[in-house]
Amino acid sequence: MKRFRFLLSGQALSTLGDILYILALVTTLYRQSGSAAVAALFPLLRVIGMTAGSLAAPLVLGRFRLGSLLAVCLLIQAGGLAALAAYLDAAGAGARTEWLTGTVFVLSVLEGVAGPVRSSLLPRLVEKDRLLKANGTMGAVVEACSLAGWAFGAVVVSGLGAGPSLWTSAGLLLLAGGFAVATGNPVASGADEAESGDAGASKSFLAGWRTLLRIPALRLVVWMDAWEGLFASAFAGALLLVFAQERLHAGEVWWGWMNGAFCAGLILANAFFGRLSARRPSGGMSGLLLGGGAGMALAVWVFSFSRHPGFALGIMLLIGVAESAKGLASRTLLQLASPAREMPSVFAAQSAVISGLYGISLLLTGWLADRYGIRLIYVCAAAGYFIAFLGAFRYRKTVREVTLKDVEMQA
C-alpha cells in the first residue's frame, strides 16, 4: 500500500497544481487580450490537447514503463510551467497570447497521456478485491483537492499574481513527479503478462479501441460514456450559472454553492462507497452502476424543473452522489475487465472518447441554450443518462459475471 499512497499523493499535488495554473493562465489571457473570447479558448484548447494526448498515448506507452512515463509527463509539465512563469516575469504586460495558448495545448497533451497511465497503474498497486475501495479513496481525495483548489486558488492568484502562482504550480507538479518516481514501475499480476505488458501495450495504434469493442463489459462502459458525454458540459461553470440566473433567479453565490454541493456529494459518496466495498469486495458493483445511472437520470430530470435555489442545491448534492456511484463502478469495471497487457491502451481510448465528446458537448449545449433555452439542456441530459442506464440494465448480467469471476479468482 506504500506505493499506492505515493500515487495518491502525486495525484493530489497534480490536481492542485493543475487548478492553480488554469486560474493563473485564464486570468492572464483575459488581462493580456482584454477579450472574453480569447479567455474562453482555454477550455477548448485544453479539451483538444487532452484528446490529442489520449489518441497519441498508444504510440508512447510501449516505449516506457508506466511509472517512468507518468514521472516524465509530470516533470515536463513542471518544467513547462517554470519556463512560462519565467517568461511572464520577464515579459510582463508584453507577453504574447500565442505563447500562453501554445503552452496550454502542450500541457494538455501531456495530461492526456498521464491520465490513462494513472488509471492503469492503480490495479498494479492494490489487490483486485481492494480495487473498488482504492478507486473510492482516490476519487474522494481528488475531489477534495479540486474543491479546495477552486475555492482558494482564486485567492492565491489574486494575492500573488500570475507569475508566482505559476511558480507555485510548477513546484507542486515537480513534487508530484517525485512521487511518481517513488511509485516505481509495479508489474501486473502474472510476471509474464506484466513483462510483455508495458512493451506490447501499444503495438497497434488501434489496440485499445479493438479491445473496447471486443469485450462486452468494456462496450457497456463506452456506451454509457458516449450518452453521458454528449451533455457532460451541462454542469460546467458557465451553463450552471445561466441556469441559476434564468431559472432560479439566483446570483453567483448560489451558483458557487451548487458547485460546492456537487463536489461534496462526490467526496462523501466516494469515501462511503469505497469503505462499503471493504465488506463486500466487488460484489456490489452492479448495484452501484445501476443505482448511480438511474439516480443520475432521475436527479437531473428533477433538477431541470427546479425553481427554488434551496431545492436545486439539495438535488445537486444527490447528483454528486449518483455520479460518484456510477463513475466508481464503471472505472473499476474497466480495470477488472481489461487484459493487463492492454489496459493502458484501453484507458487511453476511453479518455479520448470522453475528451472528444466533452468538446462536442461544449458546442452542442451552448447552441441548444441559445436557441431553445437553458432548461432543455438538462432535460436532454436526463434523457442521455437514462439511455446510458438502459444499457447498464441490459448488460447487468455481464457486469455480475465480471465481478463473480474476480471473486472466484480471489478465492
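In case you wondered, yes, glycine gets a Cβ from its N, Cα and C as well.
TrEMBL: automatically predicted annotations, no manual curation.
Going by TrEMBL, these are the annotated features:
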TRANSMEM  12-30  transmembrane segment
TRANSMEM  36-61  transmembrane segment
TRANSMEM  68-87  transmembrane segment
TRANSMEM  99-117  transmembrane segment
TRANSMEM  138-160  transmembrane segment
TRANSMEM  166-184  transmembrane segment
TRANSMEM  220-242  transmembrane segment
TRANSMEM  254-273  transmembrane segment
TRANSMEM  285-305  transmembrane segment
TRANSMEM  311-334  transmembrane segment
TRANSMEM  346-369  transmembrane segment
TRANSMEM  375-395  transmembrane segment
Q) Which range out of 68-87, 166-184, 285-305, 311-334, 346-369 gives the transmembrane segment (375-395) the most CB pairs under 8 Å? A) 285-305
Q.
Given a Cβ distance threshold of under 8 angstroms, which distant residues of the chain, six or more beyond its ends, lie next to the transmembrane segment (220-242)?
A. 43, 212-213, 252, 255, 258-259, 262, 293, 296, 300, 319, 326, 330, 333-334, 350, 353-354, 357-358, 360-362, 364-366, 369, 374, 377-378, 380-381, 384-385, 387-388, 391-392, 395, 398-399
(Q) Under 8 angstroms, Cβ to Cβ: which one of 36-61, 68-87, 138-160, 166-184 has the largest number of such pairs with the transmembrane segment (346-369)? (A) 36-61
Q: Please figure out which one of 36-61, 99-117, 166-184, 254-273, 311-334 racks up the most CB pairs under 8 Å against the transmembrane segment (68-87).
A: 166-184
**Q.** Listed stretch, out of 12-30, 99-117, 166-184, 254-273, 311-334, that has the most CB pairs under 8 angstroms to the transmembrane segment (138-160)
**A.** 12-30
**Q.** CB contact flag for the transmembrane segment (311-334) and the transmembrane segment (254-273), at least three pairs under 8 A
**A.** yes
